[in-house]
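Student: Next up is a structure, given as structure tokens.
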Amino acid sequence: QMNANDCHDPPKYWTIHGLWPDRAEDCNRTWHFNVTEIKDLMSDMRHYWPDVLHSSLNRTQFWKHEWDKHGTCAATLEALNSQKKYFGKALELYQHVDLNGCLLKAGIKPGSSYYKMTAIKEALTSFYGVTPKIQCLPPEEGEKAQTIGQIEFCFTKELQLINCTAPKGESNPMQAHLKLGTEELSVCSDTLPTYYPPEVQ
């Protein structure tokens, strides 16, 4: 919607947004992104971690942003202490979690009917044994349904799945929102009907 000319054939599957350390310190802002370090990962990166907002000429812009903002902080962990390890491990975790397969197995498919958010949460929790954080686009004016926008999984420093809980001092989870371009995602409401669109209209 935001970059109609650039967003060609958006993928019909869940892709990666990023791998973000919580409460990170010691970020090395002088460690610049170098795409040649991840050349072995390129076909997987283009497939599972595409930049849907910029045309193919600037395809590395999104990865550079994720490395500069999050990768340089995550690199304090030995398992993530190079660009190849950071991007490679994120791809590995994506495959391990297999959100696309999990939702399909639970019978939750993109479509025009609505889901109950509690049913989606229960399906994910029973499959993974942990509670992810599901974020939605709130209903637009005159609409009654929220739209699933992002599903966040949380990991320990050993990269084992754990429950996602609101960060300390954040009593209201609704404050835990992030801006995605001009749209705003926030923690989904349990009571609103939920739209899981086959494609964004």
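Using N, Cα and C of the backbone, Cβ positions are placed for all residues, glycine too.
This is the feature table in TrEMBL:
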ACT_SITE  HIS17  active site
ACT_SITE  GLU66  active site
ACT_SITE  HIS70  active site
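Can you walk me through where each of these features ends up in the structure?
Tutor: Within the same chain, residues at least six positions away from HIS17 (active site) with a Cβ under 8 Å of its Cβ are GLN150.
For GLU66 (active site), the same-chain residues lying six or more positions away in sequence with a CB closer than 8 A to its CB are GLY18, LEU19.
Other Cβ atoms within 10 Å of the Cβ of HIS70 (active site), summed over all protein chains shown, number 20.
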